[in-house]
């Protein structure tokens, strides 16, 4: 990260690069995104082996123990079958992907155990001095750091969930010290460099912990994580130290092997599945293990011995080593099956006995599990998803952990130590490493404990201070065996010493640090709650009170119930205003946590605090406000069924304050919090109509209008422009509008809605399941888990496996217990009937008699009228512009309510500006049942209320036509069509909209992705089942109790029904599973459930994934009933309203249609109808309101398309004449043959514009492009972190599941090894090339000679070190193997999932019952079957093509170069005869009546698309039809944009799942390239990034443009983008030379390039952006001879190259031409520079960087291969002076031609006339021109050109040659080199999404424009001491808005590193520009200091200057002087 500091008053200014958190302002809001991911000591996270390694065997304990396990999930289950394996060193990411599963397990021999135990004791006894010395050193080191820790602890420096790169910056703070330490102290330093990002990602103590870890380097507590070792250590102080003994065993195995490193890197351990014969219920496996009694004996003796020698480090009892269960984070990971082990309950029983044998251990286990309520399923009171929403996470168990060895290795490798040295060194280093760190901690703690219990207060104070130091420097690793249960009571005693504030403060602090360092200790610290609260009730010392708040805040994350029931909520808020801001935040966070699972019985605890919390909403502090909002949202969520409580919570002040909060500009609330607050309002309105009435009276309509459309400018009815909002925000806002209106009735036309809800045979919401924690409290499971358990219970399962939050539990129905499969912890469960399950609490289908909203409509019609007028248009616009099905359905319901309750006059008023009829027509043609039903209902209401108007419109717009079609259709909606219409989209008709809630008190779920308490609404399409696919699928494991059931374990009924629903002939088979049942298409696209308009908030039990066990009959009955209803309703509709229609066609509504048909018939190609028919069409289009339906049904589109494009000999009139006629009629250009003498200029384009708009309307109505989105609301009520959409839940699914593949040698080849490793499990999102790497480094890529041995050469585990190194170090390895599924060759860059999905046999089988749109995760078969992938070597002759098929780059074929043989002839003609090729007319390409080759999709709107394509081409290139026309497009391209297609494209491109699987619909990419004009630039730019590069870049781009996705849980998973970064250091003095070298090395690498400058500490985004800007400047140097233009000397603010000349061309740079006689050496040099430029530009685009090159338009035309159509018009863009001369000379040529064509001229008069043709009074001969290029006398236009004068007779040839040489021939060699360089990075064909004039935006960012204060206020973020109201911020905005172009560039380069902003300006700057206050000592004057910056995060540290003039001066000085240096501030 790069700081540009300028805090020295006058002199040398430096820009700073501070990577410590301390450099950042002391708050946690910076934590979002930061730039630098490294300093010298950082090894990128993805290279961690164990992240990629989740496996079935790990889940059961058959995993070899890995030392450097990161992200390890600790599991306490003993595994007696395990072999030790060598400690894995780090594997590169390429090999994390795949592991085979096969490893035999051997029991340990007892003698070996004893021997190792003795050896361990002996060794540990030998190093006492080392460990003591180290302990002293670390404590001493800690004390000074501790002071810093104390200062910053309450203002969390970093949010715990900061990005990885942020953590890296912090870590890189002190690299130099580390290098100089001894091995021992390197350990301490090394732990500083642990991966704080992974720890923080799920750290239970996020903000505060991160604060400590970032400010306290050595021995940092960055890992509170856990692995298998820590589980034991913190459970029992006397338990052995596993790491040491395991390392010694590893050492004995790997001691001297130099292969250690590679073997560990590239050979993940493999375990073969053992056959097992365990009977059901058996609790023993075949291998002998110590029984429970043996365990007890061992434990007892061990405990005695450790008590005797508590000073010496204990050894480990190998048989008690725990298995690990790791989070998979690579791209492919292997898994093996569960081993037999003990039966689930048997193992648990053994563990329980083992624990009972050791009372202390047992007690601690109980306590620790009580502490970790997150270990239980998600319903826990301490659920982490809720905390996630406000940046608090609670899971201690899922924290990542780097082993120290891994960190040391990372450090030393970064310092240049060869990795292979780690082979022999590894075990010894790690052994030394551990001995020094762990030995002293527990003995030290025991000494301090005695001090705490002493009688002397000074001794106690000293002890508690040292205890603080020990804890603040420690973590679970270093504090193994810390006596928590003894220390906590002692500290509580000290906390009660009221007279001694110091002791109290330190005791409180020690308890806080303890919870940070040992998260599970919070279960013991709970006892201190009453004492903490005492400190808040009577404040004696403010420090103690604030420290108590910090401690309580940490406790509240897991033990909020205990705090609430102790009255803690009120106590925390008692003296709120007296506390510092951080303490206030803590108090409000405690309040929010206490409300998390509050029940109605506990309301009295919070009631008195509500006024204070309500008032707090008006506060300015963002975090305080968000906590308060969270508090109310949780209350409303938990009390949603208690109307009286809701009214007490929602006082008038609350509604007013929240309303104001929503409209504050700039917004205080983040997107997630905004969604939560709006959802809270919806819940209130739907459950308590009186609150809805109150909101309407408070003018909520204006608020909503503002939120959707921005500030109103008075003409809201005329033009509605929606502000950009995420789909989730739109969904919530439309839900709220819907709930503000009364509910629809239940009878009449709406009766069908109730029918849609049926089909739920099994009521899985009928009961609530709860589990009991160790304190005896019952917690409900979240709703979806409760449903899963209930469904299994109902079908009589004995047990099910429930996977939640990354842990697996067995729910045993016989013993009513939940058993954690990893730890064996058993908890009681119970089933309670759900009182809400059968009552209709939603108020949906019955219009409650006392619905206050309906009363209001009657009593206050004016209010109702204004509400409807304000919002109807907005709703309509939301419907039209949204592609996501959920939003559209919700809008439809809201519109229906409005239309139903509005009276006729009002309706007439609000509908007059909207094309309602055409929308209804397109809705009726939809394939989505819900939409069709809604459209019929709407049509019926409108005809009842406004029959006169709509009887005409319904005829004209095609509604009648569609309704008749529905009424007559025999096969109504029977087969699901391929495409989904109108964006109701694939999932539009998905799972039914149940919004049931398990219980009012249900916890906001702890699973980030699963909806817990989704609030009621019409169609809150509850995707919880799909969202929890991971849980459901994990049940398909082989049960441990033997073959009781088949391999899959979903309840049998589900399977049965599933199959019946899919196809009646299918019998029950393992193929079916929940996943299948979750696919709506499997039970009929238009089934009853799929359209369950659970129209009002259906809080009743809905249809869940399990409830689809409804019988086939019910489902098909309902489907048939609804089809019947539609048909019957359509029939009635026609009878009622259109039966009396005159059949003679004389209806006045048909007049326009008849006129249009007549005119269309005259557009006949066989007969010349002149221009009259076009004139008639023009008048119809321009003057009448012809409808899309009429245009469609008149045949006009097809006929006009043929008229404009046909080039048939039989045509009566040629195409060019027809085109000119068309232009004449629609554009007023001259008629054919009547061209004027002067220039043809555009006159009026209104008729053409009207035609384009009509065509676009037609397209919107007809198109049926499917959108694969997953945008169902996934919010957990008000409780949690809101995933943006279901896509992130699906990502989570991919994160937890793998595809099983069998690798097989292809039958065609026998010259490579056969794979014998059995099936492998592969990450679905791994690329095919990952499998290649996996095989190649194991020798499978080596082609054998015939005489070599066959298959038995070497084991699968042998790694070819050279190949592995090659794969590691090079991004561009030659492919050795190719892969097939069946006959299909797989591209290397395709995901394995996509390959299997597209090509596997199973996929073929399943295609008839499922498709991509409806089920993104594929049928269950994909996940349960084994897919065969064949491999064979790449043949030599195929290698070149292989790159194209699937290499990373797939280079496009470049155009033939000018020197190729086929060009030789043309060259000669040009040189000898002066013949140059004619200019290509770009119109020709578009004038075709059929789709071009690259359009493969089918759609009803295809003809309209082709016509629009032709119209756009004519508008853009019309001047090619005329000799002398003005080069300007008729209609701006922006007028062709289709808003509906744009909405679909944007929605599609916001979906993370689609991007990760590369599953972009073909229509989108094809339209993007063939018809880019349909989409705005931003959309195409996103489409480009998604399709042109790897998916990591696409995901990164998505996260950059949609920050709210970052709030979802996808960030910490392995699907988060993992972009490799390569850092290079360059010297500023030789920048260009070194840049060329860097591009040569890394240009084509996939890694992101990061630049650092020599002797500067800055690294990351800022220096890298500056690198591109500076290299761009260097390339413009005049001495390089690259560009044409004038030489200027630029003032260089800094640097040594003063006086350097640069080329400047105001029109834009273009290549300097070469003649035929140019020196080859010079040409080669220039070509090399252009090749480098190509690489630089491509790399900049690829890495999202900007270059600062002002290139001309012709340059970009060359890039897009449009050079053949360059004309004299393009000369104006490179040399206007020459261009003007050429234009005048061309005028002479045109006059000459006219004279020659004049038949009346005689030879003499012609000769005379020609001689009088002059330019500025001079004849052509007098101009003295010769055949050389103007401005370049050395470049001859043809051979001997210097000696050929230009005359009137050869003038035309001369002009053609000048244009051709200047734009083509003279520059072709440079551009060929440029293209070669560019295409070495990625193919140029991907740029087809853009027009030439747009490439400047893509490459260089936004154009310079003035900055206005309003935009700056919206886009910039004041923080850390400043708000938008601060004087300094207002000064700054005023100054920036007055900057000129040069000052803007200076400022931007100073703050961001680049002189230009990205497209979109400040809005697109990522991270946003943040202005923070620069602080000084009280004696210092801010006016004496300069501002400084951190370029990586776009931070401007601005002193609070006394006046605006001083600020302006200081800013400009800093910006000028602070260039080109990155130093520490």
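Going from the start of the chain as shown, residues are counted 1 onward.
The backbone N, Cα and C atoms fix where each Cβ goes, and this holds for glycine too.
Swiss-Prot assigns the feature region 'Disordered' to one of the listed ranges (1501-1520, 1601-1620, 1621-1640, 1641-1660), namely 1601-1620. The stretch that Swiss-Prot tags with region 'Disordered', taken from the ranges 1415-1440, 1441-1466, 1467-1492, 1675-1700, is 1441-1466. Per Swiss-Prot, the residue from the list 1228, 1260, 1362, 1937 bearing the note phosphoserine is 1362. Note on 29, 165, 310, 1116: Swiss-Prot annotates phosphoserine at 310; no matching annotation appears for the rest, which is not proof of its absence. Looking up 88, 111, 1355 in Swiss-Prot, the residue bearing an annotation of phosphoserine is 1355. Mapped onto DSSP helix, strand and coil, the region 'K-box' (1529-1603) counts 56 helix, 0 strand, 19 coil.
The average pLDDT computed for the domain 'WWE' (755-869) is 75.
With helix defined as DSSP H, G or I and strand as E or B, the domain 'HECT' (1918-2025) counts 47 helix, 13 strand, 48 coil.
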